[in-house]
Each structure stands twice: as C-alpha cells, then as structure tokens.
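Participant: Here it is, the structure, as structure tokens.
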Amino acid sequence: MMRKRTREIAMELLYQSTMNHKTPEELMDDYFEDNQDDLREDTDMDYLEDVLTGVESHKEQIDRIIEKYLVKWKLPRLSKINLSILRLATYEILFIENIPNNVSIFEAVDMTKKYSDDTSGSFVNGVLDKIAHMETRNSMESVPENENMEESETEEELDEK
C-alpha cells in the first residue's frame, strides 16, 4: 500500500513539474510542506526520490520511447496527467528492475482511471505494453542466447506431449 500511495505522489509531482519546472527536491519539499510531515512516514522516500530524479534525468530518452509507440498521436497532444503517468511507468519498466513490468503497467492503468478517464486507461495500457515488450526485447537482443537452454526447453516440451 505504501508503494501504491508513493507512486501516486510521484505522478502528482511529475504532473506539477510539467507546469512549474521545479527540481525534484523542490517538488518534494513543497509537497510535504503543504501536506504535513507525517505523510513522510507513509511514503517510500527512496523510491520517490529515485523516480523523480530518474524521470528528470532521462526525460528526453523516455519521451522518445513513449512517442515511438504512440499510434496517430504526438507527445504534445497527450494530457499532462497521461504523460506524467506514462513517464513514471516507462521509467519503472526501463530502469527499476525489482518492479515487474506487469505491476508498473497495472498501477499506471489504475492511476489513469482514477485521475484521467476510463478510455485513457486502455490507451496507456497499450502504449506501456508495447514499451515493456519491445524495449526490453531490444535490450535482450544484445545478450547472446544460450543454445543449450533452447535444447533443454525443447526436450521439456516433448516430455509434456
């Protein structure tokens, strides 16, 4: 539950950053000043800081990847909420290994339905699903395949039949 709430805070702060161009540190300071310090106890501050600074430092790369998978859309046409959610989830997919891609996608769609609208949920799901499959596949293509593993998988498949 802590991560879910922290993810929502991260999205809110990323959304704010699209309008006021503050640093991640300034955004966090402002947020917790306005929303009482006891909120910090219920927030995964390491994750929050990692995501905010990570999205900021990789924003151009993240935006290029998002735009690559938009069908008949351009980045500037996206609502700032949907763009913030896509940036957050794309960062998780590409840079945070201990969060499974399906969790990042599910949470992003859930936030989209909560903060945007139901039709945007399927749109966000489609874009993130492509990113998760294609971008992780692209990074895997540089890793040589283990031929023995393919053979053993084939043997297991034969045993199942």
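Glycine too: its Cβ is placed from the backbone N, Cα and C atoms.
Small disclaimer: the values here were computed from a predicted structure and weren't measured.
Annotations for this protein, taken from TrEMBL, read as follows:
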{"type": "DOMAIN", "residues": "5-132", "note": "domain 'NusB/RsmB/TIM44'"}
{"type": "REGION", "residues": "137-161", "note": "region 'Disordered'"}
{"type": "COMPBIAS", "residues": "147-161", "note": "compositional bias 'Acidic residues'"}
Participant: What average pLDDT is reported by the model for the domain 'NusB/RsmB/TIM44' (5-132)?
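Facilitator: On average, pLDDT over the domain 'NusB/RsmB/TIM44' (5-132) sits at 92.
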Participant: Based on DSSP, tally up the residues of the domain 'NusB/RsmB/TIM44' (5-132) by helix, strand and coil.
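Facilitator: The domain 'NusB/RsmB/TIM44' (5-132) comes out at 105 helix, 0 strand, 23 coil.
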